[in-house]
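**Student:** Got a structure here, written out as structure tokens. Questions coming.
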């Protein structure tokens, strides 16, 4: 088809989604009959009106840019279509592609009551969590007190063990002393020459 010519004037309009940034030279198009024919060919199967108008415009822009051999922003296409058609009226008259009936709606009282009860339960849970956050200090004191009593009990048991061991040591020491005394007496009796048994031996 024909090539689009660059002119000096620009047009104002809204940009659609997916539009790439372009230079001022690309934003101006001289709409010759050949260029308009390219636009109409690009619009086959796509209506730039209704709720999906921006998606259709993306397809129109891509096809139109491919036909004329240069990138054209969708703003330029919107502005040119606005000079030929009443786009706002067409948009309002476009039938929605899906059912969209409007009817009055009242939220059931049961749901409102459930929401209120849920809020009360959440508040109670938050209060319990706050109490648990404060209570761990008391629990730590209980742990410390119980550990202290355990420490005292272990100290008592160790002292009892020491007493028993010392008592056993004293008894063993006394027994050793008694044994040593007996052996000393026996030795002195055998070694004493004045004993009667030694005298008898000498006489014989």
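One is the number of the first residue shown, and numbering goes on along the chain from there.
Placed from the backbone N, Cα and C atoms, the Cβ positions cover glycine too.
Just so it is clear, the model here is predicted, and its values are computed rather than measured.
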**Student:** Of the residues 23, 32, give the one that Swiss-Prot describes as phosphoserine.
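**Tutor:** Looking at Swiss-Prot, the phosphoserine feature maps to 23.
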**Student:** Looking at Swiss-Prot, which of 22, 183 is flagged as phosphothreonine?
**Tutor:** 22
**Student:** Swiss-Prot annotation SUMO2 cross-link: which of 15, 127, 131, 171 has it?
**Tutor:** 127
**Student:** Around residue 127 (SUMO2 cross-link), how many other C-beta atoms are within 10 angstroms of its C-beta?
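**Tutor:** By my count, 10.
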